[in-house]
Number of protein chains: 2
Amino acid sequence: MSDDPIRGGLSGDKVLLGGEATEELYDQGSFGRPVDGGLQLSLVEAAYLLDRSRIAVRLEGAELDFRSFFEKATAIEAGFEFRYVVYKDLRERGYYVQPGVTDFRVYPRGGKPGKTPAEFYVRVFSERQPVPLKDLVEPIKVTRQMRKRLMLAVVDEESDITFYEARERELKGDMKVEVGGGTATLLEDRVMLWDPESSERIHEGGFYGKPGGGRLQLSLVESAYLLEKGLLGIVDRTGEPLSLEEFVRRSRSVEEDFDMKHLVYRDLREKDLVVKTGFKFGSHFRVYKRVESSRKVPHSEYLVHSIPEDHVFHLPVVSRAVRLAHSVRKVMVFARDDGGMVKYLEIGRLKP
Amino acid sequence: MSDDPIRGGLSGDKVLLGGEATEELYDQGSFGRPVDGGLQLSLVEAAYLLDRSRIAVRLEGAELDFRSFFEKATAIEAGFEFRYVVYKDLRERGYYVQPGVTDFRVYPRGGKPGKTPAEFYVRVFSERQPVPLKDLVEPIKVTRQMRKRLMLAVVDEESDITFYEARERELKGDMKVEVGGGTATLLEDRVMLWDPESSERIHEGGFYGKPGGGRLQLSLVESAYLLEKGLLGIVDRTGEPLSLEEFVRRSRSVEEDFDMKHLVYRDLREKDLVVKTGFKFGSHFRVYKRVESSRKVPHSEYLVHSIPEDHVFHLPVVSRAVRLAHSVRKVMVFARDDGGMVKYLEIGRLKP
């Protein structure tokens, strides 16, 4: 490596260097892209190298110091500041990073371009940026097709970065349940099964509801599921039997998200998982792979929150949800209705 | 205590018992309210005693079993189900509970009506119920005037209860800061101070910004505060100095909540607290009482989230925030603008 910086010029949103840069920067450091006998750097790469005095950059005959270059770059390229923060962080941790189909691609530790395939595609976000669900679903799809992993790098207002991995997730449990019996009453916004024997059987069989005083209190989604499976009858307070349709209609009027939750609840139960409310964790459900007995309840593995197809993530909210899930050793999963199929999106912390 | 249940009748939203109930239920158990030589029970009290076969209740000549009574009570009184769940839980934990100005008042462990003053006023909520800020602020005020504590009992869809205490909180730190100097540039959505000496002084002096490469990256609220205190100059990318007014105008266009955050940030700094972003915890700020040196950063004590005066709490969101704060040993505080004064509302878990 020479001590003199390599000279180049800012042109549009690139910095162009002569052919002599190729060996030192591209071959040795995987910086830039060789074009027409020279080397082309993105603004982020150029700022990084300029800060280390490995290149010098001129514009209209005058040399730009780091400050001038940086000020210009943020004006030329929306999001430059965030990408620079992330690029610098990953490079300083010793990773090879290159511009990619998302924002960057990152090579595994010890690997480098030309030697090993990239491991991650990276999407950079500002914490202030609302992120529509589809802006995660698309990159996840592309990333999986390319056999990579998707890294989300979220830059907060003080330029700290939180790294997440987002991926589609298959959920599967180990709890086949087919017990039922009895008739319950729909009260104001929950359902009460009065008969001690049915209460015990349904609670012990599938860990449904909350028992007390020989009765069983069931939530609306639990009750709808048991009703549609023919495992429970439900009447209103006058003793009139309720059809599934009528029960769902009334549940909707109590609970805005009822349809969405009902769909996800059913899907999770059909996948042999045990589903309970996640209220204490601020999510719709906490999910167990299996509950042998209500006297020996194991650790629940997932927090599942249902979101609509047009959901927009607010990153501080995602940060809180994922952080809480990790602190109680659970996996945070967002469930959505994808044309009648429920799909699960896991977002987890990543420590590069 | 006699083995035969005491006979009474359902009348409107009360159950009326004869005078013989006063000694056994009121004197011994603090159930009901003596009126006209008899004892009047609320529906919740009556359901509790009926479930224990301590009373029998008739309506129009026929005796009501627990199921019929309960079904009727939920139809008569909105929210009966939630209040019953909470009343029963607290009674079964051995507390004396009476109807009160909020939903209930609860006596301290070992205390009872007539012997000791009540300790808590209890407000019961369903997790589904949106709670406007003023519906907490008012009871907090009343509760404090009466020298009680305010307990929030939130009943989730499976009838589990989470207990919180809500109270006004004074925040005060121990970090007087008056250091500054230098001129920084407003970039896309953050501010960069370029001069190494000023960067070091401002960062070390008040734990402002994030240092790196001899520069200091400052957030918008930090910059606005330093600018208004005359501790920092700010220019735009063309070198044009920005007035506080202009800086605030531009910050607002980047950050929707800027004014609210700015107000709270200033108030916390003026109270000698050290304020940093709380993004990793999903809140606006994490707050330290004092930071001696950036090389020895202590544990931050509060998570502070600013909310508007017309804020409506969604209890699952509160649940997530408070749970996360506890898991990282911090106190969750909601800050609001109360006619120009910033007030702080702490919500913490309570384990009765």
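Along the chain as shown, residues are numbered 1 onward.
Note that Cβ sites are derived from N, Cα and C of the backbone, with glycine treated the same way.
Remember, predicted model here, so these are calculated numbers, not experimental data.
Sequence annotations record features per position, and here TrEMBL assigns domain 'tRNA intron endonuclease N-terminal' to B:7-70 (among others).
The domain 'tRNA intron endonuclease catalytic' annotation in TrEMBL covers B:80-163 (among others).
TrEMBL lists B:184-248 (among others) with the feature domain 'tRNA intron endonuclease N-terminal'.
Taken from TrEMBL, the feature domain 'tRNA intron endonuclease catalytic' covers B:258-344 (among others).
The local packing around B:Tyr288 (active site), expressed as other Cβ atoms within 10 Å of its Cβ over all shown chains, amounts to 20. The annotation active site is assigned in TrEMBL to B:Tyr288 (among others).
For B:His299 (active site), applying a Cβ distance below 8 Å and a minimum sequence separation of six or more within one chain yields B:Tyr288, B:Arg329. Here TrEMBL flags B:His299 (among others) as active site.
TrEMBL lists B:Lys330 (among others) with the feature active site. Counted within 10 Å of its Cβ, the other Cβ atoms near B:Lys330 (active site) come to 20, all protein chains included.
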What three-state class does DSSP give B:Tyr288 (active site)? strand
Taking helix as H, G and I and strand as E and B in DSSP, count the residues of the domain 'tRNA intron endonuclease N-terminal' (B:7-70) in helix, strand and coil. 24 helix, 25 strand, 15 coil
Overall pLDDT of the domain 'tRNA intron endonuclease N-terminal' (B:184-248), taken as the mean: 95
